[in-house]
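Listed features, source TrEMBL:
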DOMAIN    A:56-160  domain 'FtsX extracellular'
DOMAIN    A:183-299  domain 'ABC3 transporter permease C-terminal'
TRANSMEM  A:21-41  transmembrane segment
TRANSMEM  A:179-200  transmembrane segment
TRANSMEM  A:221-254  transmembrane segment
TRANSMEM  A:274-297  transmembrane segment
Amino acid sequence: MRAQFVLSEISVGLRRNLTMTFAVIVSVALSLALAGGSLLAREQVSTMKGFWYDKVQVSIYLCNKNDASSDPNCDKGAVTSQQKQEIKTDLEKLDVVEKIYYESADQAYNHYKEDFKDSPLADSLTADQMQESYRVKLKDPTKYQVLQTAFSGRQGVQEVQDQRSLLENIFNLLNGMNIAALCVMALMLVVALLLIVNTVRVSAFSRRRETGIMRLVGASSFYIQMPFILEAAIAGLIGAGFACVLLVLGKYFLINNWLQEKILLINFIGWDAVIKVLPLILAVGVLVPAAAAFITLRKYLKV
Amino acid sequence: MIRFDSVSKSYPKQNRPALRDVSLEIERGEFVFLVGSSGSGKSTFLRLILREERASTGQVHVLGKDLARLSNWKVPHMRRQLGTVFQDFRLLGNKTVGENVAFALEVIGKSRGQIRKTVPEVLDLVGLGGKEERMPGELSGGEQQRVAIARAFANRPMLLIADEPTGNLDPQTSVGIMKLLDRINRTGTTVVMATHDQQIVDQMRKRVVELETGRLVRDQSRGVYGYQH
């Protein structure tokens, strides 16, 4: 196959259908930007969940020696090993408890480091500031109250925390936005596909003389179809490129320059998450239009 | 070269078949006129040879291959051994004469050197030497048909299919085209030509195959156009 010949065919084809090509690029860019955004939102949710979120429902934080002065629940000083043992046996006696994890201050520090590795908060902490805790998985997550009444106010216990109530609202919001983004994306993708089908059809029609002659003289169907498929793939690639630019700009302006400065407590996704998404977007941007073109050609370009 | 074994072809939504039980053999190097009124099945006959259509029943052999058994992806290779010429020339108006011929060689993957050598050669052969840079629109009908023949012959096909190649040309120009086709035939290429041109058929005195409503009604080795036309 002669590359120069194919390239000139493609550039002629793209220019002939300039308005359609433009429409394809815009719709592919928007749908893929939304797709990428929704992937990143999911990533954001899992970043925020941290180490324990999916494993346990209730955390029982134990007093450390720093809390003794700052927290009224801990005015008796740090938790003793006897208190810890009592809490553990009492927990084991409860019916609603399925599994108990113990997290030492060092482990807590490591998990925190892991969860907040991109945040400046992580650097200011030391291991002895962290609390020991029991992390409890319940048989029925709604039975949180049982533990609340049994352990809060008890000596050595700083706080009994329903892990979920903390983040549930934010997650619901994020999930809702995610679903909305996916719906719009699906719609845009359908629009993009219809545009590609139409573009290829018009393109095949306006070049029917050439393709007819190619068929006549025995050009292979691959050779005849390749310019059309590459046209769609190139338009898709340009669209995907714009989608990537949109995502990077979104990460830079929305998260780095705005949200991250306003909300210090949330650990936002880092550049690595964004960079992981980009190749996927580019691949989808090339392959989906190419496949759409190929399927369209089977119908409109007899070989 | 070409063999039809009781070939019938019906198109969907048409109650009368386009070809009915046609059996015929065309040998290598022959020159065959295909005559018959419009709708007699000439075009279907040619389309079956080119495998643009497949026979409904019966077998079509072209260049020793059973076309019914030829898989789709092998069809282009089969067509490279055929040349085709049409009434409407089918040239690309935005390409020069030379580029039109070169296009046919490019799309079957010939090397640039080969193309540069072949194009002037074959244009010389059809009597258009030196007109390589002209646009088809600047040429007369006869010259345009010569370009089409050059394109069809550029790959030195074993078989040349011509569907009313003189249909758009005046008698004098037609004679020139027929001389060219005759010369191509003398190089050993088999020529099958569908035509309505009585004068040409009568003059050339070649084999004549006549179709009528899809049936083969006459096959004469040195025939004329028709008895009563």
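Cβ atoms are placed via backbone N, Cα and C, with glycine included.
Here the structure is a predicted model, which means the values were calculated and not measured.
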**Message:** Using a Cβ cut-off under 8 Å, which residues of the same chain at least 6 positions beyond either end of the transmembrane segment (A:274-297) come close to it?
**Reply:** 24, 28, 32, 35-36, 39-40, 43, 189, 192-193, 196-197, 200-201, 204, 225, 228-233, 235-237, 239-241, 243-244, 247-248, 251
**Message:** Mean pLDDT for the domain 'FtsX extracellular' (A:56-160), rounded to an integer?
**Reply:** 80
**Request:** Taking helix as H, G and I and strand as E and B in DSSP, count the residues of the domain 'FtsX extracellular' (A:56-160) in helix, strand and coil.
**Result:** 50 helix, 22 strand, 33 coil
